[in-house]
Amino acid sequence: MSKLTHFDAGGQAHMVDVGEKAETRRVAVAHGSIRMLPATLSIITAGDAKKGDVLGIARIAAIQGSKRTAELIPLCHPIPLTRIGVEFSIDDAVSAVHCQVTAETVGRTGVEMEALTATSIALLTIYDMCKAVDRGMTIGEIRLLEKLGGKSGHWQAGNND
């Protein structure tokens, strides 16, 4: 197992030096879900939420959240994002909305945290917009699905966990 990179030899936290790393295309894909009452899911899919287009606003929130990742995660590098894609899917069988975010950059460090942050913010936004009708919604299963680029190459959940 690799050592933790955000701590120096004395155990003090520090921001990792990425200055010597090569600039490469980097991609990360994250996923998460929010489960809710079937009636709440119906409100979302029908576009009947009092606060507006739930998924449209959650998409914009995810993009904004990805851009703010370095402000929220203390040792995360601020990076120039080249693309953020946000996809939602409705799962009637379990009364859930699934969110998948793809983050891309050309840089010296990965975009995993940006993809994970965007996913989290999208799901939190859905909760915020629907909490008046369903305070029991459950957010979960937020995880990295895939990462490409950089020295460590390609990683995919389930293939080399």
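Even glycines carry a Cβ here, placed using N, Cα and C.
The substrate binding site annotation in Swiss-Prot covers L75, C76, H77, M113, E114 and rests on sequence analysis. Taken from Swiss-Prot, the feature active site applies to D128.
Under the DSSP three-state reduction, D128 (active site) is assigned to helix. Cβ atoms within 8 Å of the centroid of the Cβ atoms of L75, C76, H77, M113, E114 (the substrate site) belong to the same-chain residues T69, A70, I73, P78, I79, T109, site residues excluded. Residues L75, C76, H77, M113, E114 are the ones the record ties to substrate, and the longest Cα gap between any two of them is 13 Å. Distance from the CA of the residue listed as 'active site' to the CA of M113 (substrate binding site) is 22 Å. Of the listed recorded positions, namely E114, D128, the sparsest CB environment within 10 A is found at D128. Calculated from their C-alpha atoms, the gap between L75 (substrate binding site) and the residue listed as 'active site' amounts to 27 Å. In three-state terms derived from DSSP, H77 (substrate binding site) belongs to neither a helical nor a strand segment and is classed as coil. By neighbour count, meaning other C-beta atoms within 10 Å, the densest spot among the binding-site residues L75, C76, M113 is M113. Note on H77 (substrate binding site): other Cβ atoms within 10 Å of its Cβ, all shown chains, come to 15. Under the three-state DSSP scheme, E114 (substrate binding site) falls in the helix class. The two recorded residues, D128 (active site) and E114 (substrate binding site), have Cα atoms 21 Å apart.
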